[in-house]
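Q: Checked Swiss-Prot, it gives:
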CROSSLNK  LYS116  ubiquitin cross-link
CARBOHYD  SER108  O-linked glycosylation site
MOD_RES   PRO2  N,N-dimethylproline
REGION    1-30  region 'Disordered'
Amino acid sequence: MPPKSGKGQKKAGKAKGAPRSDKKRRRKRKESYGIYIYKVMKQVHPDTGISSRAMSIMNSFVNDIFERIAAEASRLAHYNKKSTITSREVQTAVRLLLPGELAKHAVSEGTKAVTKYTTSK
């Protein structure tokens, strides 16, 4: 005799309710750094535009740098037997990954951003 509760039983057939064709399918959202790249570009060069291809390249670049910094910071935390990536690991990762003057500017801008964030809390 089959169990009376519906647990563990699979029913054949389609689920009841409105058919899928009636509903409008929503597109999956694509996340990107596009709006931020655009804002920074307008601060530096207010009269310049950017093509969608150039924006795609810049987005790939930002994603690549982000992944490299995250991987290096993770490695540094692991070497020091820490389970948390702090601003110190990120700063060291930036110093290791970026060359000379670019690293100095990135560290100073990062420090400025962290200070601004902590004071606004």
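We count from 1, first residue shown onward.
For all residues, glycine too, the Cβ spot is worked out from N, Cα and C.
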Q: Taking just the CA atoms, what is the gap between SER108 (O-linked glycosylation site) and LYS116 (ubiquitin cross-link) in Å?
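A: On Cα coordinates alone, these residues lie 12 Å apart.
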Q: May I ask which residues of the same chain, at least 6 positions away in sequence, place their Cβ under 8 angstroms from the Cβ of LYS116 (ubiquitin cross-link)?
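A: LYS116 (ubiquitin cross-link) has no long-range Cβ partners.
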Q: State the count of C-beta atoms found within 10 angstroms of the C-beta of the residue listed as 'O-linked glycosylation site', not counting that atom itself.
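A: Cβ-Cβ neighbours of the residue listed as 'O-linked glycosylation site' within 10 Å number 10.
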